[in-house]
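Contents: one structure, followed by commentary.
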Amino acid sequence: MVLSIRSQIIIGVVSSILLTSTILAIAYILMWFNGHMTLTLTLTTIITSCLTLLICSIFINPLIQKIKQFNIKTKQFANGNYASNDKTFNSPKEIYELNQSFNKMASEITQQMNQIKSEQQEKTELIQNLAHDLKTPLASIISYSEGLRDGIITKDHEIKESYDILIKQANRLSTLFDDMTHIITLNTGKTYPPELIQLDQLLVSILQPYEQRIKHENRTLEVNFCSEIDAFYQYRTPLERILTNLLDNALKFSNVGSRIDINISENKDQDTIDIAISDEGIGIIPELQERIFERTFRVENSRNTKTGGSGLGLYIANELAQQNNAKISVSSDIDVGTTMTVTLHKLDITT
C-alpha cells in the first residue's frame, strides 16, 4: 500500500500522541506522577501535537500541490508530449533541484528525439530518391533490350549505340547499388584494420579501372609526387573508396577532353599526406562549397541523367574521411575547376 505524504504525517503525529500517552500512563501506574499532573501532560501533548499537525499542513499543502504538478508533467513527458514546459518550482530546494534535473534530462531527450526524427526523415527521403534513380536506368535497359530482342533495332550503328547505352546504364546501376551499400554500412560502426600502404601502388590499383574511360573521353590524367613518400599505415579500404568517389566526381562534372591532375605532397612536421584531385569542370559557387558534403544537398541537386549515380559520392567520401582519421577540403572557381584535397594522418602503429 502506497501512502501519501499527508497520510504519513498524520500517522506520524497520531503515533507520537499514542506513544506519549502510553509513557504517561506507565508513569502514572508507577506513581511517578499524580493523576492531575498526568492529565495535564496528556492534554498538553495532544494540543501540541494537533498544533504541530496544523502547522505542518499549512506548509505541506503547497509542497503536495507542487509534487502533483510535477507528477502531471512527468506523465505528459512519458506519454510522448515533449513540448517545452517552462513551469519552475523555486522552493523547497529539493523540489527545485529535482525539477532542474528533470528539465535538463527532458531537454536532452527532446533533442535526441528530434535528431532521430530528422535522421529518419532523411533516410526515408534518401530511399525514395534512390528508388526513383533506379527506375531510370532500369527502364532504359528494358527498353533497349526489348528493341534488340524484337528486331526493332537493326542497323549496325544503332545496335552498337544500344549496347553502349546498356553498358552505361548497367554501370550506373552498379554505382547506385554501391552507394546504397555504403550508406547502409556508414553508421554501423564497422572498423577496418590499418594496413601498410605504398601510395604509388595504391593509386595504380585505383586508376587502372579508369584507363579505358580516360582514353575513350580523350582526357589527360597526370599524377605528380612532390617528393618521395615512404610507405605508411592507413585504413586502405576507406581510403580507396574516398579517392574513387572524388575521382568519379571530377570526371562527372568536367567536360570530355579536359584534364585531371592528382598532386601528392607530404608534410613531415605534421606527419600528414595531401592528395589533391583537380579538374577543369564547371566549378562550385562559394556559398555551396560548405554544403556539397551534405547528404540531402547532394541528393536534391545531383540527381540527373547526365551525370548518373545518386549524388551521394561526396557525402560518402566525407563520412568515411571523418571516421578514419582524414579530412577533405574543397577549393573551386566557376568555369575554371575544382580541387578536392584529402589530408591523411599517418597512423602510429606501435608493436
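Placement of Cβ uses the backbone N, Cα and C atoms for every residue, glycine included.
Keep in mind the model is a prediction, meaning the values are calculated, not measured.
Annotation comment: Swiss-Prot describes 9-29, 40-60 as transmembrane segment. Annotated domain 'HAMP' per Swiss-Prot: 61-114, in sequence order. Look at Swiss-Prot and you will find 129-348 tagged as domain 'Histidine kinase'. Taken from Swiss-Prot, the feature phosphohistidine applies to His132.
Residues 3, 35, 38, 41-42, 45-46, 49-50, 52-53, 56-57, 60 of the same chain, all 6+ positions outside the transmembrane segment (9-29), place their C-beta atoms under 8 angstroms from a C-beta of that stretch.
Cβ neighbours within 10 Å of His132 (phosphohistidine), excluding its own Cβ and spanning all shown chains: 12. Per-residue pLDDT, averaged over the domain 'Histidine kinase' (129-348), rounds to 84.
Across the domain 'HAMP' (61-114), DSSP assigns 40 helix, 0 strand, 14 coil.
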